[in-house]
Structures are given as C-alpha cells and as structure tokens.
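Participant: Provided herewith is a single structure, encoded as structure tokens, for subsequent inquiry.
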C-alpha cells in the first residue's frame with residue numbers, strides 16, 4: 001500500500017490492526033449471519049489520518065455495502081460507532097450527547113497536536129479494561145433526562161438503504177428493477193439535513209441532525225398532574241408480550257407504596273395505583289418519556305376517572321373499545337334548545353329559512369271531552385308547554401353514528417332474541 005504523503009509519521013507502530021470492528025446494531029443489520037471482509041491498513045482514518053484496518057460488509061438484502069470510516073482509537077475516545085459515528089449507548093449524535101451531559105470535550109484539530117493526543121489516549125486505553133470510554137466522557141457519570149427521552153432504543157434499518165440513483169433522477173436509468181440504487185425523488189437541496197460532514201459529526205459542531213434533535217427536545221410535552229387530587233393511578237402503555245407485572249413492580253416500587261397493579265394483556269397496558277398522591281406524582285415525573293423496561297420504551301400517562309372518560313367518549317364519539325366513530329354524513333345539525341314561553345312565536349324548530357307571514361291562522365278550538373280545560377283568560381293560548389331539562393338518562397344532542405360502526409354491538413344481543 002502506498003503510504004500517505006501527509007504530515008503524519010510513517011512509523012508502522014502507529015498504524016492500527018484490529019480483529020473486529022466497533023459497530024452499532026443498526027449498522028450491523030438485522031441478519032445475524034453476515035460476511036465481513038477485512039483489509040489491513042486499507043484506508044486512512046478520517047479523523048486522525050492514520051492507516052487502520054477497514055471492515056466491509058452488507059447489512060441485509062437490498063442494502064448498500066458499509067465500511068468502517070474511523071479507527072478504533074477515535075471510536076473509543078468518543079464511544080461511537082466506527083461507521084455512523086453515533087453514540088453506542090444512546091444512538092444519538094455526539095453534539096446532542098455532550099449537550100445532555102453538560103460538558104464539552106475540546107480535542108485538538110491540528111496534525112501534530114492530534115498525533116500527540118492520540119498517543120496519550122492509546123496509552124490510557126491500554127491501561128484500562130476497554131469497556132468504558134476514556135477522556136472527558138469517561139469521567140461523566142451522571143445521566144440526563146433529555147438523553148433518556150431522545151434515546152433510540154430500537155435499530156433503524158432504513159438508514160442502510162442504497163443511495164438514490166442519479167440516472168433515474170435524470171430519466172436515463174435503464175436497469176429497472178435490477179438497479180441496486182433507489183428510484184426515489186431526492187430530498188430538497190435546501191434542506192439542512194442534505195449537507196452533513198463526518199468531521200462536524202465527530203467534533204460535535206454544526207451537525208444538522210443534532211440541531212434538529214435539540215429543537216425537538218426543547219418543545220417536548222410535559223405531563224401535568226390532574227386537578228383531581230384523588231387520582232393516584234398511572235397508565236402504562238406499550239407493554240407488549242414480554243413485560244410482566246413483576247417487571248413493572250420492580251421499577252415503580254422505588255417511588256412509593258403500590259396499592260394495586262392491573263395488567264390488561266388484550267390492550268397491552270397496565271394501571272398502577274399508588275397509596276399516596278405524592279408517590280404517583282414522583283413516579284410520573286421520573287418515568288414520563290424515559291421509561292425503558294426490557295429494552296422497550298413505555299408510555300406513561302395519568303389515569304382518569306370513569307366519569308371523566310365517559311364524558312369524553314360521548315363528546316368525541318368514541319366507543320368503549322376505544323374506536324373513534326365518524327359521524328353519519330348528510331344529517332342536519334342538532335335542533336336548538338326549546339325556547340321560553342315568550343319566545344315560542346319566533347322559534348324555528350326545524351332550521352327552516354325565514355319566510356313571509358303565515359297564510360293560515362291558528363284558531364283556538366274548544367277541547368274535546370276528557371281533556372284538561374284551557375287556561376284562564378289573560379294567559380294566551382295553551383299550545384306548547386315549556387320543556388324542562390332532559391332526564392339524566394337521556395344523552396345530550398351531539399353527532400349521530402351508525403350502530404354498525406361499533407364492532408362491540410354487532411350480534412351482541414342475537415342470542416337473547418332467538419327462540420330456544
């Protein structure tokens with residue numbers, strides 16, 4: 001191999017020889033059986049410019065081949081993947097991680113200072129067990145709530161897709177389905193995410209992906225406690241099939257005494273009731289948007305009383321099973337409430353457009369026998385009685401839905417009406 005003509009020394013003792021790369025789960029791909037090629041001193045590290053061992057592999061079917069971009073020394077200094085340069089623990093850019101940990105690692109950028117700094121860090125790495133990062137990152141022991149909220153716990157394999165075919169964009173690709181590149185519309189060149197630099201990603205400056213995540217963190221929603229002080233129940237959603245009641249109890253017992261834990265396997269959720277309101281508030285604050293159990297991110301919300309949920313369902317047109325129904329199209333609006341006795345003459349009960357004077361005049365007739373006598377004189381004709389408030393068992397006027405839209409009602413009472 002032809003050595004570099006840069007300012008670095010040509011001493012082979014500074015070159016790196018490794019047996020296996022340092023990669024994240026996303027870059028490795030979803031296939032557990034992959035073939036990796038190894039090339040000693042195949043390229044220069046894009047950070048320290050030293051020759052290192054390059055690994056190349058295909059992460060999956062119809063994915064592009066990937067290779068290591070930086071040496072293992074630079075990877076261990078920042079605790080990042082050798083290919084995507086994202087943090088191995090949180091899956092976030094270095095700029096976001098450093099902002100969450102509230103520290104700034106000023107690494108030298110000149111050639112001579114970088115070489116001296118790298119040699120000192122290699123000596124420190126050789127004296128450690130290799131399981132923890134070195135330098136400033138190794139001294140940061142505290143975790144951040146922002147990092148737990150933004151952490152990527154599951155791999156994102158779409159990042160390994162091929163690049164966009166430039167010939168297809170120009171309308172000249174003749175490979176069709178056999179083309180190894182994507183036939184999709186490219187992103188807007190004015191989009192800041194379209195211009196990314198690997199050195200900016202490593203040093204944590206001017207990273208557009210990090211800027212986007214930091215803006216998202218500043219606008220994250222908050223979980224405010226309900227006004228009803230009697231509510232001490234938390235809703236935990238997204239349990240899946242692997243999380244049990246014991247796993248939830250092991251996490252939430254630290255916040256206070258737990259009264260009951262109800263797991264609903266059908267809805268993959270659970271309701272955790274605490275003995276005191278203070279314990280429930282602490283659990284909600286410590287677990288909202290950052291609860292991860294068995295590698296699965298869970299959704300934590302405050303529980304609601306049955307009366308409040310019933311009112312919201314009637315207002316939103318939601319069934320007991322949680323299905324939102326669409327209102328029946330083509331129906332007129334709700335009728336106005338009955339007017340007072342003095343407003344009956346000008347009331348419009350059927351939402352009809354205004355018209356001229358009526359052609360027919362109502363003539364008061366004597367009541368038939370058996371009917372109550374007319375009101376005494378001076379009170380006017382007794383045509384309509386003012387209506388009071390509806391009984392409590394009647395629903396307020398609102399959107400009307402077809403009964404067939406509710407799957408819980410279809411055939412629910414068929415067995416009751418059938419003859420034995």
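Just so it is clear, glycine is given a Cβ too, placed from its N, Cα and C backbone atoms.
In case it's useful when we look at the structure, here is the feature table from Swiss-Prot:
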- 2: N-acetylalanine (MOD_RES)
- 4: phosphoserine (MOD_RES)
- 102: phosphoserine (MOD_RES)
- 139: SUMO2 cross-link (CROSSLNK)
- 149: SUMO2 cross-link (CROSSLNK)
- 159-186: zinc finger (ZN_FING)
- 212: N6-acetyllysine (MOD_RES)
- 232-305: domain 'RRM' (DOMAIN)
- 290: SUMO2 cross-link (CROSSLNK)
- 303-343: region 'Disordered' (REGION)
- 309-318: compositional bias 'Basic and acidic residues' (COMPBIAS)
- 372-420: region 'Disordered' (REGION)
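Structural setting of the listed features?
Facilitator: Using a 10 Å Cβ-Cβ cutoff, residue 102 (phosphoserine) registers 9 neighbours.
Less than 8 angstroms from the CB of residue 149 (SUMO2 cross-link) sit 217, 220, 289, 290, each of them six or more residues away in the same chain.
A mean pLDDT of 91 is what the model gives for the zinc finger (159-186).
Sequence-distant contacts (6 or more apart, same chain, Cβ under 8 Å) of residue 212 (N6-acetyllysine) comprise 192, 193. A helical conformation is recorded for residue 212 (N6-acetyllysine) in the three-state DSSP classification.
With a 10 A radius on its CB, residue 290 (SUMO2 cross-link) counts 18 other CB atoms from all the protein chains.
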Participant: Please report the DSSP secondary structure of residue 290 (SUMO2 cross-link), reduced to three states.
Facilitator: coil
Participant: Quick one: DSSP breakdown of the domain 'RRM' (232-305) into helix, strand and coil?
Facilitator: 22 helix, 28 strand, 24 coil
Participant: Under a three-state reading of DSSP, tell me whether residue 102 (phosphoserine) is helix, strand or coil.
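Facilitator: The three-state answer is coil.
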